[in-house]
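Asks: For reference, Swiss-Prot lists these features for the protein:
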BINDING   Ser57, Thr58, Arg59, Thr60, Gln84, Arg108, His135, Pro136, Thr137, Gln138, Cys275, Leu276, Arg320  carbamoyl phosphate binding site
BINDING   Asn169, Asp233, Ser237, Met238  L-ornithine binding site
Amino acid sequence: MAFNLRNRNFLKLLDFSTKEIQFLLELSAELKKAKYAGTEQKKLQGKNIALIFEKSSTRTRCAFEVAAFDQGAQVSYIGPSGSQIGHKESMKDTARVLGRMYDGIEYRGFGQSIVEELGTYASVPVWNGLTDEFHPTQILADFLTMKEHGRGKQLHNMTFAYLGDARNNMGNSLMVGAAKMGMDIRLVAPKAFWPEEALVATCQEIAQQTGAKITLTENVEEGVKGCDFLYTDVWVSMGESAEAWDERVALMTPYQINMDVIKQTGNPHVKFMHCLPAFHNDETTVGKEVAEKYGMKGLEVTEEVFESEYSIVFDEAENRMHTIKAVMVATLGS
């Protein structure tokens, strides 16, 4: 399968067809295999890439940098305090400046409208490293990981549940991705934390074409039954106030992924996924504060599940790099 995605932006999965997403996943697997075999060919030789980070990052930044270096490109990191973006210069103007200097631009920051504006005016491929609404590169990594651990199943035959804050960028993006790929997704969350109705309606329309099944439920046992994968994310996202913790912990604790929830799937081969970082113990500054305040060593997932044979979170994290590399090669490569 081959598609010409050259010069395309990668801003959200809604912009891509099922076959185009499948192509990116296949290219990711090929590039991963080549890296392990030492046969990788540099498709981005001589390219210059700007990485704009208005939010801090570990996996996304490292994945873009290593992927670019592997492919022969040079990168410039522009951090939260390292530019005039949004302070003395608009994103529209920034886009037109950077588009003259760079061959591709990654953006990780706030509203989706910002990366959309960047994509409109940059005149070079723009890639969404995360916004408040969507996290499309993470979904490619998730789906590649599911394919690797799916015991021979194709994506359209897989069932997975996302537990927790289903209205955040991960809930939104997993729902869009599942709709595009014909999957059975259950969003298991308090009703106040379901995705916006307009996005759900859009995904339901897509599902009618692809055979996907989208379920929104507050019932954990109902939501996880028969699942191949269980997925969660932090209960409080970057940029939200400290006051949000009290409300979230009270509302989300019933949606924690623990061994009881694993067993409720009825699937001995079920796997646990998380986009990371995760609050699964008290070994971080935030984790320690949470443990002291709420008496919980793990929040969205317990240490027992996170460190168990069910967990594939580090395979998932590695695949950030392979899938991001595929996006850059497909849209910018020679």
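For all residues, glycine too, the Cβ spot is worked out from N, Cα and C.
Neighbours and distances for these, please.
Replies: Reduced to three states, the DSSP call for Arg320 (carbamoyl phosphate binding site) is helix.
A simple way to gauge crowding: the CB of Asp233 (L-ornithine binding site) has 25 other CB atoms within 10 angstroms, across all the protein chains here.
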Asks: Roughly how many Å separate the Cα of Cys275 (carbamoyl phosphate binding site) from that of Asp233 (L-ornithine binding site), to the nearest whole number?
Replies: 6
Asks: I want to check the contact list for Ser237 (L-ornithine binding site): same chain, sequence separation of six or more, C-beta distance under 8 angstroms. What comes out?
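Replies: Listed in sequence order: Asp132, Asp165, Asn168, Asn169.
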Asks: Rounded to a whole number, how many Å is the Cα of Ser57 (carbamoyl phosphate binding site) away from the Cα of Asp233 (L-ornithine binding site)?
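Replies: Checking the Cα atoms of Ser57 (carbamoyl phosphate binding site) and Asp233 (L-ornithine binding site) gives a distance of 15 Å.
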